Amino acid sequence: MVTGPDMLWLVITSGIACFFMAFVTGANDIANTFSTSIGSKAISIKKALIVAFFFEALGASLLGGTVTDSIRSKIINFQVFYDTPEFLMLGMCCALMGATVWLAVATRAGLPVSTTHSIIGALLGFGLATGNMKSIKWEKINNIVISWLAAPILAGTCSAIAFTVLRMLILRKKNSFEIIKKMYWFLIFLITLPFSVFLIFHNPIVINTQCKMKKDGKVIVSSPCYIEDWSAAHSFYASIICILLSSLLTAIGSFVIYIIYNKRINNYNLKKKIFCEELADIEKNPQNNFCAINNSSLNSVASNETQLTQAHNNTSNGTKQNQVGNGTKSNNNNVLVLPGDKNVKSQQDDSKTNGTQKTGSVEAYHVVHIKDNGSEDKSHENMLKKNLDKVTNMNENNNNSNKNNNSNKNNNSNKNNNSNKNNNSNNGNSNEGNGKGGDPKNMENVIIENFDPQTEIVFSSLQIISAILGVVAQSANDTANAIGPFAAVFNTYNNGIRGKIKVQWYILLFGGLSMSLGLSIMGYRVIKTVGMKLIKITPARGFTIELISGLVVLFFSICGIPLSSTHCAVSSVIGLGLVEAKMNADNKRHARKSMDKDIIQVDKDKSFTLTEKIKYPFSFLNTSCVNLRLFRTVFLSWILTVVFSATVTAGIYSFAAYSPSYIMKMQTV
């Protein structure tokens, strides 16, 4: 046991460093969990913080001990420091400092880096700075390095396959909404089952009672009772408990999700009926989203409103309408249709006949009911004007941007196509949203395949469950990054370096709360990068990313192997983006022309077609929907993580351990 005031300062300093390490871990790694949910608008930032605060602390307290032991005892060889435990404590403190410095720099730049790589690199720097190569368990490092490569590849591949299967079985079906209503409970079960297995079979919680346990292949009766050892000795009963727990969580989750998605669909339908489909999305998506659509789902969203209007307008001899102000009044005097009936084609024909053509503006589609006395019902007038003001501001901004784009095109008209693409990429004017040349801040404008809005709403509700899984999985894995070195210092001070390894629950809880605080204050920077700049994320895509990355992290955590949850999340995003459907040349030209307008107007039958039947997931990869330029920067930061953390830690440790004053003091003891 290392006690006394001389070493107490190391415990206090390590505790402070642990707090800042957990803080930046939450701002970087935990932000990855909610980046896809926030990027797809499935959950607000306030609700995300509430969910993260609770489940991060819960996951860290219940499940964080398994990987924490891997971080602190499977990388550094404690036997080398049996005679000098104070140097072990100093090295762990320096490792926390070195990793924190790099994570703070990366988070400030909005780069999603690996906290696991940071702390392992810092521990390697500490081990190398001691000058004793035996202080590092190199055989364990090999397994960790393999997981660094295997986990991202596995996450990206599984994400691509899962989205392809989901798109084929549900999203592209005409009755996708009816299918997902019947199947969403199964998706919830896929989320809860691995969590239940981890909770029962790999739970580091200790109960102060006597029980039958299995340790080192032998069944013994001992006290205290370790839950994971009890599960190993009673595998059948533990499996039954897992299934029952998963079923219970699925039932509760299904009930909650049913209420949430029905409420969201009702709100969406209400907005659609009042303001039309385009205006219904303005509040949710302030920026314009230019998408090619593979079915008539988005056009059919307003079918009820269109049928209502046509029912009043149709007569036996055709449709006769009288112009009333800026609107169009039908013959039965019960409905007033503001400019822009959903029948875009007939409206364009009328404009051509009158010698006028409207372009570059958004028109409001709204059914206004007329009272029996002929006066207009103005109950929704204020709300309509509010949204029309939003559209007007959008038009003004887009008209200015269109002028700039046109001037840029005129300046580049004498150059060849390749130089045009390069210049456009430099100006951030890539209409196709190509990741090679597109503006990283404008991935919301890429051309991707859209699905039924009501189906997407169900997936946006499911993202709440998948985000919770991601938080629990990352808390189980990432808590170790901050808590592991501090736990080594704390236990060495209290129990000695030869004492039994034990991670107290309050230390894990302290780490979980610190990470939640970091997410609340600085997490928005990484959320923007992963959730909004790499690819365009919709609820169905976000759910797939969160589900796969969470399952991969849980799998490696069950094995007790520390891995990068950041690499899993980003790799899932990239893997899904690479299997986005490709558009043919005609649709690309149509999209380019439509990009000059505020909203793309498409026909139902010609809106989206594939160049051919693509054999997924690896026959043809689509890089136009992935911001490869930003991913290249992120990938380089991954490589730099280990080197930077190791260098900074080695420098701090060398200065602290080998400074003359400290050595002289140690020699006089």
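Yeah, the Cβs are placed from backbone N, Cα and C, and that goes for glycine too.
Swiss-Prot assigns GLY131 and ASN481 to topological domains with different names, so the membrane separates them in that record. Secondary structure counts, DSSP: the topological domain 'Cytoplasmic' (165-186) has 18 helix, 0 strand, 4 coil. Of the candidate ranges 87-107, 144-164, 240-260, 503-523, 240-260 has the most C-beta pairs within less than 8 angstroms of the transmembrane segment (187-207).
Two recorded stretches are said to be in contact when at least 3 C-beta pairs lie under 8 angstroms, sequence spacing 6 or more; the transmembrane segment (87-107) and the transmembrane segment (633-653) meet this definition. Non-local neighbours of the topological domain 'Extracellular' (524-542) in the same chain are 27-28, 31-32, 34-42, 45, 107-112, 163, 166-167, 171, 289, 433, 435, 440-441, 443-446, 448, 450-451, 455-457, 459-460, 462-463, 466, 569-570, 573-574, 576-577, 580, 625-627, 630-631, 634; each lies 6+ residues outside the stretch with a CB under 8 Å from one of its CB atoms.
Across the topological domain 'Extracellular' (524-542), the DSSP tally of helix, strand and coil residues reads 14 helix, 0 strand, 5 coil. Sorting the topological domain 'Extracellular' (208-239) by DSSP state (H, G, I as helix; E, B as strand; all else coil) yields 12 helix, 12 strand, 8 coil.
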